[in-house]
Structures are given as structure tokens and as C-alpha cells.
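Colleague: Feature table excerpt (Swiss-Prot):
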BINDING   Asp10, Asp346, His347  Mn(2+) 1 binding site
BINDING   Asp305, His310, His358  Mn(2+) 2 binding site
Amino acid sequence: MKRAIILVLDSFGIGAAGDAEKFGDVGSDTMGHIAEQCDKGLADNGNRKGPLTLPNLSKLGLAMAGKESTGKLAAGLDADAEIIGAYGHAAELSSGKDTPSGHWEIAGVPVLFDWGYFSDKENSFPKELTDRILARANLSGYLGNCHASGTQVLDDLGEEHMKTGMPIFYTSADSVFQIACHEETFGLDNLLTLCQIAREELEDYNIGRVIARPFIGAGKGQFERTGNRRDLSLEPPAITVLQKLVEEKNGHVHSIGKISDIYAGCGITQKTKATGIPALFDATKEAITAASDNTIVFTNFVDFDSAYGHRRDVAGYAAALEYFDGRLPEIMEMLQEDDILILTADHGCDPTWPGTDHTREHIPVLVYGHKVPAGSLGLRDTFADIGQTLAEYFEISDMEYGKSFL
């Protein structure tokens with residue numbers, strides 16, 4: 001029986017990629033800089049203190065993968081851990097450093113075209129676009145129209161939104177159109193309908209995602225984004241390994257978290273919504289228990305990115321990594337003889353880096369299974385090596401990109 005479990009630690013880069021200069025990200029290192037801050041005692045909070053402690057990930061080769069990526073061992077990680085898995089680091093072939101590009105490339109389909117972007121920091125959106133969205137949604141106006149941090153924009157405009165009923169439109173360095181609305185005063189269903197309208201109107205702009213950003217709270221300083229986020233993505237430009245598994249083997253792909261949204265539902269046969277790392281872990285375990293032959297269980301742990309990377313919260317990121325590491329054996333112990341477990345990321349988001357955007361980094365590729373030989377996989381030229389490996393593992397037709405590391 002063949003089953004693959006893929007865990008994406010969203011934004012957990014392990015060192016600047018070779019083309020980081022194009023993105024202004026030379027020297028970025030999500031893992032290394034978190035470890036450095038922890039080692040210096042600068043990432044202590046109520047949940048953690050001291051050096052970054054990731055014994056289980058280190059046994060899978062994380063520390064060594066980071067060393068191969070950057071040339072140095074991340075501070076505090078165990079250089080002498082007995083390696084029980086295959087480890088490597090992968091460069092991104094895709095043109096961007098965004099979530100869809102990273103995930104699609106993992107599934108064997110790199111993004112070789114350029115996304116559309118709203119580059120202007122202020123007055124970011126064309127008037128003809130927003131006019132059409134407002135007319136179709138029967139709205140009198142909107143707020144924002146700028147690049148913004150998702151939490152700061154709520155403090156800046158949340159109260160006005162509640163008073164006027166006008167949605168908050170904003171973007172970032174990614175190919176995104178984001179809409180924030182209060183779940184109670186505006187309504188979640190109304191927000192999702194508005195986002196669908198925006199998705200349709202953005203067809204000619206080649207924007208990767210429309211993101212619904214619902215929030216709650218009574219006023220400034222009290223607003224919180226909820227777990228009802230929704231990503232409306234374009235479909236991948238070619239068939240992914242997920243779709244091939246379903247079509248060629250009558251297989252199953254169980255999405256946990258936002259995976260289904262990222263692939264616009266393509267190749268997904270079952271989806272489970274869960275919010276927060278603990279709930280995502282629980283849902284993943286339940287899915288593994290129920291998984292049959294020719295199944296992929298695919299989980300995205302978005303909080304590393306959304307709650308800690310973008311928020312530049314080093315201590316929070318470190319605590320979340322240590323929690324993840326502590327629970328990882330629960331999944332490892334569930335693996336049957338022929339199963340494989342792959343841990344990876346989709347891009348970087350260095351919480352010590354200027355700004356609030358993603359960083360162009362290598363991603364870890366950690367592979368574990370009873371039949372997986374331990375040792376280095378080296379530098380992989382594309383994230384698509386993961387997709388090609390899955391194609392070989394499940395004995396389906398080859399992907400166009402990538403080389404298997406099995």
C-alpha cells in the first residue's frame with residue numbers, strides 16, 4: 001500500500017536562493033536567523049526561551065540541509081543528531097516567491113510566466129476595476145486601495161469599515177487582491193460573494209489570488225482575523241501530480257487546511273478545514289488513519305507564514321516550530337511499511353527581514369519512511385523534484401519538470 005504524507009511548513013526557508021538578488025533578498029535565511037535570535041536570547045517569550053530546539057526535525061536532516069544551503073550550521077541545532085531520513089534543499093524555478101507558485105512547483109508545475117502585480121504602494125488598483133467590482137456587488141465605495149500589512153490595515157480602517165459598510169481592499173508585493181470585512185457587521189457570506197466577483201473581474205489582470213480576510217472585534221486594538229480565510233486561486237497552468245494520481249490510479253488526495261484553495265480544487269478528492277497548528281496536526285492524523293492505497297495526505301501549516309513570518313514575530317515563529325517538532329513523532333509513528341513522509345516549504349518569510357513580504361529562499365526537502373535511505377539529497381534544481389518523486393513512487397506518468405530523488 002502506497003501513501004504519501006506531505007507537510008508544508010509555509011514560509012520555512014533555509015537560506016537565500018541563488019537568484020535572491022533579483023528579489024532584494026540576498027542574505028535572507030528564515031531558519032538561520034530565527035535560530036540566531038534564539039541563541040542570543042532575543043526570542044524568549046511566555047511560551048519558549050533559549051536556543052531553538054528541534055530534535056526531531058534535526059534527526060530528519062533539517063540542520064544538515066540548512067548547512068548545505070548556507071554553508072553554516074544554524075545556531076543551537078544539533079550537528080551530531082543521528083540522521084534517520086533523506087535531506088536536501090531545493091531552489092525555485094518559478095518566477096515568483098508566492099504561495100501558488102511554490103505549491104504548484106512542488107506538484108510538478110513551475111510558474112514560468114510572470115504574474116500580474118499591483119505595484120503602486122498607494123492608489124494600487126485601477127479605477128475601472130474597482131468600479132466594476134462595486135457595481136456588481138451593489139456597494140457605494142471601498143477603503144484601502146494600498147499595500148498594507150493585514151493586521152495594521154484593520155487597526156487603520158476597521159472601525160471606518162464597520163461604520164460605513166465599505167470593504168477594505170489592499171494588496172502586497174505578491175500577486176494578490178485582498179478583501180477584509182467584519183464577519184458580523186458585513187457578513188461572511190457577503191464577503192465570499194464579493195471575493196468571487198473580484199476573482200471574475202481580475203481575469204484579465206493575471207492576479208494569482210483573491211484572498212478573503214474576515215475579522216471580528218469591537219474596535220481598534222481588538223480586531224482579530226478569523227479562521228474563515230478563503231483563497232480564490234487561478235487553476236495551475238498544467239496538470240499536476242495530484243491530478244495524475246487521481247486520473248491514472250483512481251487515487252485520492254486529501255487536502256488539510258488551505259491546500260485545496262491553493263490548487264483551486266484541481267486534483268483534490270477530499271478536503272478538511274482546520275485552523276491553527278494543533279488542529280491541522282489533529283486533522284492530518286485523522287486523514288492518515290483513514291487513508292487507503294494511492295493516497296496523498298497534503299497539509300499546509302499556514303500559521304508559520306501568516307501569524308509569524310509576515311508579522312516578523314521571531315519568538316512566535318520559534319515557539320511554533322518547537323511545537324511542530326514536538327508533535328512530529330506522532331505522525332512518524334503512524335507510517336506503514338511503504339509510506340513516505342515529505343516535509344518542505346513553499347518559499348521563505350524571514351521574520352528578521354525588512355518589510356513584511358516573503359523572501360526568496362531554498363526550501364528544505366526532508367523525506368522519511370521505513371524504506372527511505374538516510375543521507376543527503378544535495379541541492380535540488382527545482383521544487384518540482386518533489387512532484388517527480390511522487391510520480392515515480394505512485395508509478396504514474398512522468399512530470400515534465402523535475403528529477404526523482406527516490
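In case you wondered, yes, glycine gets a Cβ from its N, Cα and C as well.
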Colleague: Using the recorded Mn(2+) 2 site (Asp305, His310, His358) as reference, state which further residues of the same chain have their Cβ within 8 Å of the centre of those residues' Cβ atoms, listed in sequence order.
Modeller: Asp10, Ser11, Ser306, Gly309, His347, Cys349, Thr356, Asp357
Colleague: Measuring Cα to Cα, how many Å separate His347 (Mn(2+) 1 binding site) from Asp305 (Mn(2+) 2 binding site)?
Modeller: 9
Colleague: In angstrom units, rounded to an integer, how far apart are the Cα atoms of Asp346 (Mn(2+) 1 binding site) and His358 (Mn(2+) 2 binding site)?
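Modeller: Rounded to a whole number, the Cα-Cα distance is 10 Å.
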Colleague: To the nearest whole angstrom, what is the C-alpha distance linking His358 (Mn(2+) 2 binding site) and Asp10 (Mn(2+) 1 binding site)?
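Modeller: Here the two Cα atoms lie 10 Å apart.
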Colleague: How big is the Cα-to-Cα gap, in Å, between Asp305 (Mn(2+) 2 binding site) and Asp10 (Mn(2+) 1 binding site)?
Modeller: 5
Colleague: For His310, His347, His358, listed as binding-site residues, tell me which one has the smallest number of other Cβ atoms within 10 Å.
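Modeller: The binding-site residues His310, His347, His358 were compared, and His310 has the fewest Cβ atoms within 10 Å.
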Colleague: What same-chain residues, at least 6 away in sequence, bring their CB to under 8 Å of the CB of Asp10 (Mn(2+) 1 binding site)?
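Modeller: Once residues fewer than 6 apart are set aside, Asp10 (Mn(2+) 1 binding site) is near Thr99, Asn300, Phe301, Val302, Asp303, Phe304, Asp305, Ser306, Gly309, Ala345, Asp346.
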Colleague: When you measure from the Cβ of Asp305 (Mn(2+) 2 binding site), how many other Cβ atoms are you left with inside 10 Å?
Modeller: 25
Colleague: Given the recorded Mn(2+) 1 site (Asp10, Asp346, His347), which additional residues of the same chain have their Cβ within 8 Å of the Cβ centre, ordered by sequence?
Modeller: Val8, Leu9, Ser11, Phe12, Thr99, Gly102, His103, Asp305, Ala345, Gly348, Cys349, His358, Ile363
